[in-house]
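Here's what Swiss-Prot has on this protein:
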type     : residues  : note
SIGNAL   : 1-18      : signal peptide
DOMAIN   : 21-105    : domain 'PAN'
DISULFID : C60-C66   : disulfide bond
CARBOHYD : N72       : N-linked glycosylation site
DOMAIN   : 109-186   : domain 'Kringle 1'
DISULFID : C110-C186 : disulfide bond
DISULFID : C131-C169 : disulfide bond
DISULFID : C157-C181 : disulfide bond
DOMAIN   : 190-268   : domain 'Kringle 2'
DISULFID : C284-C362 : disulfide bond
CARBOHYD : N297      : N-linked glycosylation site
DISULFID : C305-C344 : disulfide bond
DISULFID : C333-C356 : disulfide bond
DOMAIN   : 370-449   : domain 'Kringle 4'
DISULFID : C371-C449 : disulfide bond
DISULFID : C392-C432 : disulfide bond
CARBOHYD : N394      : N-linked glycosylation site
DOMAIN   : 485-710   : domain 'Peptidase S1'
DISULFID : C508-C524 : disulfide bond
DISULFID : C633-C647 : disulfide bond
DISULFID : C658-C686 : disulfide bond
Amino acid sequence: MGWLPLLLLLIWFSGAPGQRSPLNDFQVLRGTELQHLLHSVGPGPWQEDVANAEECAGLCGPLLDCRAFHYNLSSHGCQLLPWTQHSPHTRLQRSGRCDLFQKKNYVRTCIVDNGVEYRGTVAITVGGLPCQRWSHRFPNDHKFTPTLRNGLEENFCRNPDRDPGGPWCYTTDPAVRFQSCGIKSCREATCLWCNGEDYRGSVDSTESGRECQRWDLQHPHPHPFEPGFWTKIWTTTIAGIRTARSGPGAIPPTRRWRESSATYPAAVQRSEAQPSQEATTLNCFRGKGEGYRGTVNTTAAGVPCQRWDAQLPHQHRFAPEKYACKDLRENFCRNPDGSEAPWCFTSRPGMRMAFCYQIRRCTDDVRPEDCYHGAGELYRGSVSKTRKGIRCQNWSAETPHKPQFKHTSAPHTPLEENFCRNPDGDSHGPWCYTTDPGTPFDYCALRRCDDDQQPSILETAHQVLFDKCGKRVTRVDPLHSKLRVVGGQPGNSPWTVSLRNRQGQHFCGGSLVKEQWVLTARQCFSSCHMSLVGYEVWLGTLFQDPQPGEPDLQHIPMAKMVCGPSGSQLVLLKLERPVILNQRVALICLPPERYVVPPGTRCEIAGWGETKGTGDDTVLNIALLSVISNQECNVKHRGRVRESEMCTAGLLAPVGACEGDYGGPLACFTHDCWVLQGIIIPNRVCARPRWPAVFMRVSVFVDWIHKVMRLG
């Protein structure tokens, strides 16, 4: 073979499309359904047993009358849709069962190349003139006939003649026949700042023109980045390129994955000015903590952090001079790459990195607009929005939530308009039904008045009786257990559940308090409104990585998340369906309201988290701890422990909860039943010898738990 045919063959291969996925033409909204409000118009039927979303995209892609589809991750169902979110009479709604995929050309607000494939809904020219409908010949006659293929719908801007200036339209002004619509190129519509970690634009090709691989696919290039978990701009392309993690770009596949500078950057315009960023914080972190600028310099396990300007014991790419916008000073915890929380490389050679979960989360509540006394039962103000800023539903309304409290059912509390009230004496203050279909009720943008003295709950414990909860076949004998979670031993805790992300990886613990409800820690989730599609609860196994076919294993999708009252650090998870109770899966009892566990009570913690080398973290570990009073606990913690928290004694040996255990139970044995008295939350240092551990006190929030489960 001569050199010319060989050269042509190489050129042909270099321009080959590669393993292109049909999903590349779609944009996804996780945990979302698209509803059409007109009953006369219906979607396509559900097609079951579709292998995955790619197969569904392959069905929808070639069809001119298919513009989107729903994909049910649990049932592998696929439903084709003839409309998008920009179509008239449609509404997006949060969903716990499916994702919405829409063709990019129909939902982009910018154009690719000259915009021939643009199918958006802009209908006004750059000069502000309304567009003429393509089906009309007046005031400007033309030769174009609308079809499904050319997309000449209504009076939307289009580019049927491939004009280099982009989409245009005939105008309704007889004096101006046609005009450009001035729709920006996707390369210019959104620019990037710093290293592009906050970029959320629509560019899906590299600077050299190669198309990017989808983040939710693992082919042709496998990668560790989970959509919604790692929200990055890094471009993984399909044309023989791997990703590079220093700004948007990619590196050739002949080089192994490594942290290096980009050689094929994404086609995005860089900005010299910093965009409006989330405010920096010093003592807490918001979201994923990218704006945290405090001075914590140890991990949640108490391991000192490695300096960012050092390459020992761990080599890395985060040189402070390359990431000046990330404030990588000394060895302070930071989040330069958009992980789920601030983190650092550790000073231990055997532990590369760890999260700094001991840094508390900032509250995301809106500013209170008024105050109340006591529990707010006598509050008669006019505040009508929740602590998250959601408008309250009128008490007389039947939608979106059917109220249990009306004028007739609460004669002593005037339920006027949509004002915040407390008709049921909720101990956490005035509340309301909300106008958000996914949030039945929430507490209001109110605070306790400064001159109001909250009654103490630290009083004598009263009698507790339980029936069918908190039972297990075998339990650790508190008298004969050997303290070896850190310092724990393998054991059975049938109400302890494992929370799993989309990849099936354990990330937190939880407690089964009802057949369809799990209580866990707020620290386990980046937001109270994040999509739970693909997230599951695993029950009925002692193993962090159970074998396929394990008979008692149950894995149930999470359907809904409800964040607890302000300051609670709690989250209730509603499951897609009830669990099946058996010897391996049992409910744990909830304590009476405001119950205080007597000092000296023996309790246990359970989890699959970090053991710091003291045990087997592949199985469920249990450790025994003894409750101490808040007064004794505050001697060590310098008065920082609140009444809504409780403590266990520090032991000589390192015994306690660490990363991966958060959200799990502190269960105390009372009257022959195990009772959920505390929830594991990050402490300043986990399992520190002679140092009391702090837990959220469940009894303070048990009325909220019952209320959420009752209202669904």
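Even glycines carry a Cβ here, placed using N, Cα and C.
Taking the C-alpha atom of C60 (disulfide bond) as reference, the shortest distance to any of the disulfide-bonded residues C181, C344, C356 belongs to C181. Here the Cα atom of C284 (disulfide bond) is found 46 Å from that of C66 (disulfide bond). Over the domain 'Kringle 4' (370-449) the predicted model carries a mean pLDDT of 88. In this structure the C-alpha atoms belonging to C157 (disulfide bond) and C508 (disulfide bond) are separated by 49 Å. Separation of the C-alpha atoms of C392 (disulfide bond) and C362 (disulfide bond): 24 Å, rounded to the nearest whole number.
The recorded positions near C181 (disulfide bond), taking a 10 angstroms Cα-Cα threshold over the set C131, C169, N297, C333, C371, C524, are C131, C169. Fewest other C-beta atoms within 10 Å: among the disulfide-bonded residues C60, C344, C356, that description fits C60.
With all protein chains in the displayed structure included, the most crowded Cβ environment within 10 Å among the disulfide-bonded residues C371, C432, C524 is that of C432.
By the criterion of other Cβ atoms within 10 Å of the residue's own Cβ, the least surrounded of the disulfide-bonded residues C110, C157, C186, C305, C392 is C110. C647 (disulfide bond): 26 other CB atoms within 10 A of its CB, across all protein chains.
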